[in-house]
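Inspection log for the structure reproduced underneath, given as structure tokens.
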């Protein structure tokens, strides 16, 4: 999910300056921490003092926290937030495909919206995907294409190293633009919705914390290096999707690779979102498609919804910032820290409690400010 949205990080640096570099590192650190405490909430000590996995999903954790209020209230809130985040991810993929196609074929008299519609037609078979096996194969191809794209962009940037200048970084920044950048950076790290399932499927779950440390470390290094080299290459001319800055002989090649990646990436969040809704509608019969008509009645409206949203909000960075500020902040910072405090309060040290509270407050303030600024930016674009 994170791969293609790395393209928005150089644009985030344009509006956040030096603080953007610190934000990328800070976001990696905080996301790694909240990932760990979220998994901690899956476990409870038994009579012998051993940790036992008593919950299996993010939804189970939320329900455990809200069971006194309502047995299913927490799960409903988490499921709605997850579905919104996944659908917004699908919308962003469609927005990106329209942008990429319009810049790859500038002489074709077709608008970005029309290109998004053409790309949407190729995604119609998604309504017939019934298992994760197909999705996993598509994801493997995505990883290969992603590394090719990063290699091409960074190689070109390194050939322009003689033009680099640290003077391109702003010392003074616009507060509203900075907050939108916060949303973009947060969205590039969101993965908490998949962590409970991932940890449960590991051969040795005890290695999860170590795995999380290394993956966030390498993600931070990759994103910082990519965003920095791209911004130093183009400076004030950095665009929302960094591939738009490439010379024409490379732009079409990279854009076609990105187009392939975006189309191959779409099925994963789409499948995950529709699975959540389908499991709720069919009362827990997750992945049990004994009723193909019911499955299609869930998937088709979702597919059309992503198209309509992509057609009416074709602004990659602003939409990504809004998504990061709303669902990204909630799933990545607010819920994990709140659930951890609720379920483990008696066993937490004073420092751990302060850390969780600080993460929650920081996440809430960033989310609130990011929402206001992103919506204002979208209104200005449409106004």
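A Cβ is built for glycine as well, from the same backbone N, Cα and C atoms used for every other residue.
If you look up TrEMBL, you'll see 2-375 marked as domain 'Amino acid transporter transmembrane'.
Residues or ranges marked as transmembrane segment in TrEMBL: 76-95 (among others).
What TrEMBL records for 115-132 (among others) is transmembrane segment.
Feature annotation from TrEMBL assigns transmembrane segment to 144-166 (among others).
Taken from TrEMBL, the feature transmembrane segment covers 178-198 (among others).
Look at TrEMBL and you will find 210-232 (among others) tagged as transmembrane segment. Remote same-chain partners of the transmembrane segment (210-232), defined as residues 6 or more beyond its termini with a Cβ less than 8 Å from a stretch Cβ, comprise 2, 6, 9-10, 12-14, 20-21, 24-25, 28-29, 31-32, 35-36, 150, 153-154, 157-158, 164-166, 168-169, 188-189, 195, 202, 238, 242, 245.
Residues or ranges marked as transmembrane segment in TrEMBL: 252-281 (among others).
What TrEMBL records for 293-312 (among others) is transmembrane segment.
Look at TrEMBL and you will find 318-339 (among others) tagged as transmembrane segment.
Residues annotated as transmembrane segment in TrEMBL: 359-379 (among others).
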Looking at the stretches 115-132, 252-281, 293-312, which one shares the most CB pairs under 8 Å with the transmembrane segment (144-166)?
-> 252-281
